[in-house]
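A.B. asks: What TrEMBL records for 23-40, 46-67, 465-491, 503-527, 548-567, 593-615, 627-644, 664-684 is transmembrane segment.
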Amino acid sequence: MANNSDSPLCEIKYLNNNKHRSLSLIVLLLKLYIVAYRLVHLSDHGFPWFIAFLCDCWYTFIWLLWINIGWTSVDYKTHPQLLLQRFPDLPRIDLFVTTTDPMLEPPITTVNTVLSLMAVDYPADKLACYVSDDGCFPITLYSLTEAAKFASFWIPFCKKYNLQVRAPLLYFSSKSTSKSDSPSEIFHEEERKMKSFNYFFQEEYEKLREKIEDAVHGKVPIDLSGDYAVFADTQKNNHPAIIKIIVENKERLSNGLPHLIYVCREKRPNYQHHYKAGAVNVLILGRGMSGIQGPMFGGSGFHRREVIYGLTFDEHSHPKGKMSYEEMKRKFGNSMELNKLAAQTLSGESDIDGPLNLSSRIETACQVANCDYEHETEWGSKIGWVYGSITEDIVTGMKIHSRGWRSVLYISDPPSFIGSAPLGGPTVTIQRKRWATGQLEVLFSKNNPLFLTLKGKLKLRQCLAYMWILLWGASSIPELFYTFLPIYSIITNSYFLPKVGEVAFIGVIALVLTQNLQHITFCMGCGQNFRECWNGMRMNRITNMTSSLLACLSWILKFFGISETFFEVTKKYQPIVNDGADSGRFSFDDSAMYVPITTLLFLHLTALFMPLLGLRPLNDVGRCGPGLLEYIFSLFMVISYWPYVRGLFGKGEHGIPFSTKCKSSILVLIFLLVCKLFGGGSLFH
């Protein structure tokens with residue numbers, strides 16, 4: 001009988017992907033056919049045909065990148081139960097949580113995240129949770145301090161009964177399911193006992209929530225004395241480094257509470273702070289003083305320490321020995337204690353016993369959290385999170401891959417951790433704009449995947465996958481032109497799509513049906529239903545014409561030195577249930593981000609209503625007018641923009657502001673004037 005201690009913790013299962021591959025190849029062939037058709041007839045048509053040809057070439061290229069991503073499908077089956085037999089070998093793990101503004105990211109949400117992390121089914125003496133407060137708000141420290149009191153009885157309860165939902169907010173919600181993985185009568189008896197005592201845990205959580213919310217809204221002002229005296233006379237972007245140990249597992253009890261450490265890095269007006277990447281690097285630096293010294297979990301992935309410290313896969317396989325002190329100082333800075341621990345990590349000495357007393361390391365940890373510590377070191381370039389983009393996770397992952405390391409994607413069922421996504425139109429578009437802007441920053445930088453493939457060890461398929469990700473925002477430009485084409489064709493009595501009766505007409509219909517079938521099949525294979533699939537398609541159309549389009553403009557302004565990009569924090573919401581009339585409706589504000597898509601909606605409605613109202617095209621003499629496909633295309637775009645159609649007649653936050661409608665109306669008139677002046681032009685005649 002095989003020894004379970006030698007059994008693999010993870011197995012790779014290759015999935016049958018023939019249906020997806022077949023549909024993808026059919027779509028590719030149809031796209032190539034459309035491109036060839038446009039190229040052959042390029043000289044017979046005008047400027048719209050040429051624009052459509054360029055857009056079709058772009059979409060074909062993007063589809064090739066997509067085929068590369070989805071060609072090989074694998075699933076990772078894990079066996080966490082085998083970990084119990086390897087208890088002594090479990091590594092120490094550092095858990096990172098970042099927050100900035102308690103007004104945008106409610107402290108109670110941060111508290112629930114921290115409590116769920118501290119309650120993971122793992123030896124407490126091998127865990128440390130670091131919370132980065134990048135805004136230097138005393139309310140964050142206060143919330144964590146109060147949460148630590150609640151954790152003293154909540155975490156033992158979670159572990160005793162093996163609760164599956166360990167964030168109190170979700171556990172006590174009415175929709176929480178699978179609360180326990182223990183079917184024993186003992187658990188149900190204990191749960192009944194808990195209810196009989198006036199729901200002790202729920203009442204304690206409500207007290208915690210009320211305390212935090214009262215402090216947030218100023219009902220109970222925080223006394224800036226004692227542990228909070230350091231927050232006096234501090235500003236969001238001008239304050240010293242602050243590190244507080246909230247919970248310390250001094251006895252290193254495996255069934256105790258993990259370390260909980262508050263970290264606020266120093267910020268000064270004349271120093272770059274590099275947004276979230278800088279905050280995470282300070283967590284890496286600060287946790288180098290804690291003695292945990294294990295793999296770290298931050299955001300959406302686990303990272304090994306030696307990888308974050310810049311070690312390549314070749315150096316890991318063939319260690320070169322310890323570096324000199326001068327080399328370590330040049331790479332990691334002038335902290336002797338950090339350099340000592342980093343040298344041990346890079347040389348393969350993984351079993352590091354840290355200090356029993358974390359309090360003795362506060363002064364050293366504050367030193368590495370100073371804003372000038374990273375100056376003239378390799379932090380942010382070769383070590384830690386990489387600077388230069390507001391999508392620090394993408395560029396950091398790409399740099400890690402370029403050093404020869406491999407990564408594994410695992411999605412547990414049910415999900416291990418669930419994020420709090422922004423709700424409503426403004427916050428969603430701001431977040432998407434930030435992502436798209438950061439992707440463009442990486443694409444046009446020295447960390448471009450093409451450069452890392454040629455100069456590093458980024459593999460070709462990895463390069464193509466990163467290109468697909470980074471070109472996400474740039475795809476809004478060809479989509480903008482392609483969205484204008486049916487409008488232009490209907491208004492100017494021209495066409496850019498094949499007519500009924502042409503062979504290419506069947507090709508376009510086949511392409512649309514096959515590509516949508518492939519997309520629906522893929523989404524349903526990921527567990528989505530048809531409505532979720534349609535919402536995803538619709539949101540892609542909307543975000544491309546709002547956030548992605550503005551991201552391109554933002555990057556262009558940065559490229560020419562007109563303005564700088566900055567990290568926009570999006571408002572996070574607590575889970576709420578809204579089954580009223582406004583459930584699922586978009587919310588709007590007067591941001592310029594909504595002007596392009598509102599303009600497009602007005603233009604599509606104008607184009608569709610022209611024949612219904614008996615209006616004549618601007619150029620209707622001796623021209624072959626638009627066909628069926630142009631009208632179907634325009635109608636599809638109106639359906640895709642349906643939340644904005646509702647917004648035209650909505651009121652309050654669910655209505656498009658009057659100023660946005662006015663700006664869009666002016667742009668519509670300008671477009672109609674351009675069509676009148678240049679609608680009869682031809683590129684090749």
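Each Cβ is built from the backbone N, Cα and C atoms, and glycine gets one as well.
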A.B. asks: Taking the transmembrane segment (503-527) as the reference, which of 23-40, 465-491, 548-567, 593-615, 627-644 gives the largest number of Cβ pairs under 8 angstroms?
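C.D. replies: Between the candidates 23-40, 465-491, 548-567, 593-615, 627-644, the best contact partner of the transmembrane segment (503-527) is 23-40.
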A.B. asks: Same chain, outside the transmembrane segment (465-491) by at least 6, Cβ under 8 Å from its Cβ: which residues?
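C.D. replies: For the transmembrane segment (465-491), the nonlocal Cβ contacts are 48, 51-52, 54-55, 58-59, 62, 65-66, 68-69, 394, 398, 435-437, 439-440, 442-443, 449-450, 458, 497, 541, 544-545, 548-549, 551-552, 555, 596, 600, 603-604, 606-608, 610, 617-618, 626, 630-631, 633-634, 637, 671-672, 675, 679.
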A.B. asks: Do any residues, 6 or more residues outside the transmembrane segment (593-615), come within under 8 Å Cβ-to-Cβ of it, and if so which ones?
C.D. replies: 425-426, 429-430, 433, 480, 483-484, 486-487, 490-491, 542, 545-547, 549-550, 631, 634-635, 637-638, 641, 644-645, 648, 656, 660-661, 663-665, 667-668, 671-672
A.B. asks: Mind checking which residues reach the transmembrane segment (23-40)? Cβ under 8 Å, same chain, six or more beyond either end.
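C.D. replies: Contacts of the transmembrane segment (23-40) (Cβ under 8 Å, skipping residues fewer than 6 from its ends): 49, 52-53, 56-57, 59-60, 63-64, 66-67, 70-71, 498, 504, 507-508, 510-511, 514-515, 517-518, 521.
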